[in-house]
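Data block below; observations after.
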Amino acid sequence: MSTEKETFQKISYLFEDLFEIDPSDIKPESNLYEDLDIDSIDAVDLVVELRKMTGIKIKPEDFKSVRTVNDIVEQIDKLAA
Amino acid sequence: MLLNKVNFVWRLVATAFGFAVFGVGGVIIPIIAVPILYILPGDSLVREKRGQKCIHLGFKSFIELMRLLRVLSYDVKGIEALRNSQLVLANHPTLLDVVFLIGLIPNANCVVKGALLKNPCMRFAIKSAGYTINSGCADDVIEQAKEAFDKGQVMIVFPEGTRSIPGESLKLKRGAANIALRADVDITPVTITCEPISLTKHAKWYNIPERPMHFTITTKSLIRADRFKQEASNSLGARALTEFLTKYFNAEVAVNDSVTK
């Protein structure tokens, strides 16, 4: 499994645990705010959890431009690289 | 018939006057009051208290003026409980809701849009009253709310985030539930009704109703937020609480509507 797919899978689980979002609704192109009903407070929680999960020091600024699930995957892989 | 027409024209003129008073007062009063607040002795906490009291008195006077001009009348149920609350959550049918609530609560804090700080008059008034500023940073709003509760202030939040759309069911954002859960405070629900409904979202000021507006502001029994706390995450708790509040407010507002009609 490629890193990209792996990261997507992890994020998918995280969304399910954290926000009880149905995994079948989570697609790479899903818009976090419009399709998955994530709000700004959820985004803060999400960054905290991603930090725990990956061990990478993610700053909220890194996530400013993030709009879709795929954007998170790319951002995480970029920071991990 | 003629009397009705005279009354209508009277209220139209008085409504225009009301908007003018509010607009001009919003500039003149801060210009006079803010420097005095900063000159008077006392620390920033005392200044904040005085600032909130000033806005309270201003809004209270405005409502009384509108009442004397026969533009509106009102009933308040449970004023003591309202003043003793921590987090006040209200539905938001009209433009005057926040004016009423701050006019009823001397130590009210509320969340204001960060964009309002661009207006210099508003900026100093908001700052001196220590209102919670929403600059788009969610955890920052929650921190400011916690501080307000520690200072014994009453936080007013409209969970819909904006005025309701008439005829549609209320849609709540999760911010209010998040404040309740993360700051660990109970909720005082307040319902606001306006009969005949007026000053709604997108309504023009001159579209006044056929008779004076009557506001009913009712303080309901406390909702304990800790019942909704969830081990797994605050995000889930906030979802559950928001779902509960959405049902609660929709039911309460529907009951009010059927009583008044």
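Any Cβ shown, glycine's included, is placed from N, Cα and C.
Annotated features in TrEMBL:
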{"type": "DOMAIN", "residues": "A:2-80", "note": "domain 'Carrier'"}
{"type": "MOD_RES", "residues": "A:Ser40", "note": "O-(pantetheine 4'-phosphoryl)serine"}
Check: Under the DSSP assignment, what numbers of helix, strand and coil residues are found in the domain 'Carrier' (A:2-80)?
Finding: 51 helix, 2 strand, 26 coil
Item checked: Mean per-residue pLDDT computed across the domain 'Carrier' (A:2-80) -> 89
Checklist line | A:Ser40 (O-(pantetheine 4'-phosphoryl)serine): tally of other CB atoms within 10 A of its CB | finding: 17
